[in-house]
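Q: Quick paste from TrEMBL:
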type	residues	note
DOMAIN	15-489	domain 'Major facilitator superfamily (MFS) profile'
TRANSMEM	18-40	transmembrane segment
TRANSMEM	52-72	transmembrane segment
TRANSMEM	84-101	transmembrane segment
TRANSMEM	113-133	transmembrane segment
TRANSMEM	154-171	transmembrane segment
TRANSMEM	191-209	transmembrane segment
TRANSMEM	245-264	transmembrane segment
TRANSMEM	284-305	transmembrane segment
TRANSMEM	317-336	transmembrane segment
TRANSMEM	401-423	transmembrane segment
TRANSMEM	435-453	transmembrane segment
TRANSMEM	465-485	transmembrane segment
Amino acid sequence: DVVETQEHYESRWRSIRIMYLTMFLSSLGFSIVIMSVWPYLQKIDPTADASFLGWIIASYSIGQMVASPLFGLWSNYRPRREPLVVSSAISIAANCLYAYVHVPHSHNKYYMLTARALVGFGAGNVAAVRSYIAGATSLTERTSAMANTSACQAIGFILGPVFQTCFTLIGEEGITWKLVVLQLNMYTAPVLFGALLGVINIILIFAIFREHRVDDAGRQCKSVNFEGEESGVLDQDTAGNIDHVAVVAINFLFFVILFVFAVFETIATPLTMDMYSWTRKEAVFYNGIILCVVGIESVIVFMVVKTLSKKTGERAILHGGLLIILVGFFILLPWGKKLPNIQWEEIKNNSIPRTASTEMLIPFWSLQAMQLPSNHTVEPVGCPVTQSWCLNTPMIYLAQYISSDILIGLGYPVCNVMSYTLYSKILGPKPQGVYMGWLTASGSGARILGPVFVSQVYTHRGPRWAFSLICGVVVVSLLILEIVYKRLIAFSVRYGKMQE
């Protein structure tokens, strides 16, 4: 029996590759300005502080969290080209708005906040992208396709800062086009480049993208995501209920995976500044290199996991990925005896009372190190004494930190791909737009809550409490995975249409 014609196969995979590009551009829209947001914000609106920067960074995830279920619902009932084009158009308009946030005479920071939230809203199309890929691939193709999708997303995150670095050659002043009041500089060029890529993406969606759907065995089917005459075969294939216990479990596991990775990204700079007495410039530079290496490691893992899953199955790999993440955060717990260097600035400026109790808490050698010349101009480094845990918590050695980065960079992509793959297989031939929207929204929520959680716990309780709680969360997720392990099977397997 002919499963599908060669023409249909080639058209189907051309459409899937357009979805890869769309996923790449969604992540690029986030990362291409991430390093320049703070200096640009300070330049256009001196009233903005670091706390407002946090809202601007979070606004992307908030926009994506709101939009994902909406675009997912839209893609269930209408041709997917509609939400894909509209979401891309929103991202293009938002990037253009970002390029003009310097023009108003006041409230510039709020215009920037709106622009970034709209970029995130446009990135909500990942729900439609993943639901299309799930419906356009057979069970045997899906793990590879989902891995490629995640790899394109990761490459977008990696290349964003690279493009930003290239655009710094234009400089802060750049070129001004007075006719349209446009400043082309190191802050606006990246978003305008992103807008140009968005236009190209829309053209490709119209020119190449086509609606395709195959069943779990790879047989060509009529699309179920918009009005049309579904065949009797389709009704038979979609008969049966989705296992909502498994769906909720995967949503929770995905939330945990994105939560711990958001914690890992957020804590890198303050942790290394506190533990290794790195300056702000050194912390950004060294951690940038580390995150770039982790990103490359993740892309390699995405490629390897496609082959490995065929031998062991997705559930076992997800279990292994969570265990690797657990070990990665367990290694970060302070185990030694050496205390970090104490930042002397606060004591020298008398921002902390010099009481008998503080004199007893701070070792004599630390006090000696704090006696620097009064005319110094060096940036204060070390663990701030305002964080009381600095006085009694052992430092985390650099070898621990690097080992943890490697392990988390290995475990995260494994869990990411397996979550999406299992989720799409559990949903089966049902329209997946809304469900994929909720999964994306849970990941966006995790990226919002993760930085808030770690900034509060780390500042007030230190790394021992922060990483112990993360280990506890991962252990709970492993227990839930054990409980629902046998339910995490493909829809067709669950109803006896295919063998596992």
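Just so you know, glycine gets a Cβ as well, placed from its N, Cα and C.
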Q: Can we call the transmembrane segment (465-485) and the transmembrane segment (113-133) in contact, meaning three or more C-beta pairs below 8 angstroms at a sequence separation of 6+?
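A: Between the transmembrane segment (113-133) and the transmembrane segment (465-485), which are separate recorded stretches, there is no contact, as judged by 3 or more close Cβ pairs.
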Q: Per the 3+ Cβ pairs under 8 Å rule, pairs at least 6 apart in sequence, do the transmembrane segment (18-40) and the transmembrane segment (435-453) touch?
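A: In this chain the transmembrane segment (18-40) does not contact the transmembrane segment (435-453) - fewer than 3 Cβ pairs sit under 8 Å.
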Q: Sequence gap of 6 or more, Cβ distance under 8 Å, 3 or more pairs: do the transmembrane segment (191-209) and the transmembrane segment (52-72) meet that?
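A: Contact absent: fewer than 3 Cβ pairs fall under 8 Å.
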Q: Which stretch, 84-101, 154-171, 245-264, 284-305, 435-453, tops the Cβ pairs under 8 Å count with the transmembrane segment (52-72)?
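A: That would be 435-453.
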Q: Which stretch, 84-101, 154-171, 245-264, 284-305, 435-453, tops the Cβ pairs under 8 Å count with the transmembrane segment (113-133)?
A: 84-101
